[in-house]
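K.L.:
Attaching a single structure in C-alpha cells format; questions to follow.
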Amino acid sequence: MARILLLFLPGLVAVCAVHGIFMDRLASKKLCADDECVYTISLASAQEDYNAPDCRFINVKKGQQIYVYSKLVKENGAGEFWAGSVYGDGQDEMGVVGYFPRNLVKEQRVYQEATKEVPTTDIDFFCE
C-alpha cells in the first residue's frame, strides 16, 4: 500500500502544479466597464505598499500605477477588493492581474464607469 501511495503522490503534485488551484471566492459579484470585464475602468496610484497574502492578490509598492479592471461588490463585512495589474518598467508583477484592497489606491483617471454588475466565476479566483 505504501508503494502505491508513493507512486501516486508525485503524480498528484504534478497535476496540481500544472493546473493550479481554485481559491475561495472573495465575492459573488463584480462591477466592470463591460460584460466581459476586459476594458480598463481606471488608472490608480498606490498610496502604500501591500504584500499579497496569497496567489489571488498582487504585490504593490507605494507610488506604482495600477490598471483597474473590476471592482468586487462588498459582501457581509468582507474587505473591499479591486482587480488590476501593476503598470511600469521592469516590475515583477507587471501584466499579472490580481486583487488588492480598494483603500490602498487613489484613482487618478477614470476611463469608463464600472456600471455592469456581473457574477464572479471560479476562474476569477484561480491560482497557477
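Placed from the backbone N, Cα and C atoms, the Cβ positions cover glycine too.
Here Swiss-Prot flags 1-17 as signal peptide. Residues annotated as disulfide bond in Swiss-Prot, with similarity to another entry given as evidence: Cys32-Cys37, Cys55-Cys127. The domain 'SH3' feature in Swiss-Prot is assigned to 39-110; the stated evidence is sequence analysis.
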K.L.:
Could you work out which of the disulfide-bonded residues (Cys32, Cys37, Cys55, Cys127) has its C-beta surrounded by the smallest number of other C-beta atoms within 10 A?
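P.N.:
Output over disulfide-bonded residues Cys32, Cys37, Cys55, Cys127: least Cβ neighbours within 10 Å is Cys127.
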K.L.:
Distance check, please: Cα of Cys32 (disulfide bond) against Cα of Cys127 (disulfide bond), rounded to an integer number of angstrom.
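P.N.:
Distance between the two Cα atoms comes out at 21 Å.
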K.L.:
What whole-number Å value do you get for the CA-CA distance of Cys127 (disulfide bond) and Cys37 (disulfide bond)?
P.N.:
18
K.L.:
Reported as an integer number of Å, what is the Cα distance between Cys37 (disulfide bond) and Cys55 (disulfide bond)?
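P.N.:
Approximately 20 Å lies between the Cα of Cys37 (disulfide bond) and that of Cys55 (disulfide bond).
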K.L.:
Using DSSP, what's the helix, strand and coil tally for the domain 'SH3' (39-110)?
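P.N.:
The counts are 3 helix, 34 strand, 35 coil.
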K.L.:
For the domain 'SH3' (39-110), what's the model's average pLDDT?
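P.N.:
Looking only at the domain 'SH3' (39-110), pLDDT averages out to 89.
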K.L.:
State the three-class DSSP label for Cys37 (disulfide bond), counting H, G and I as helix, E and B as strand, and everything else as coil.
P.N.:
coil
K.L.:
Would you identify the secondary structure of Cys32 (disulfide bond) according to DSSP, in three states?
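P.N.:
Cys32 (disulfide bond) sits in a strand per DSSP.
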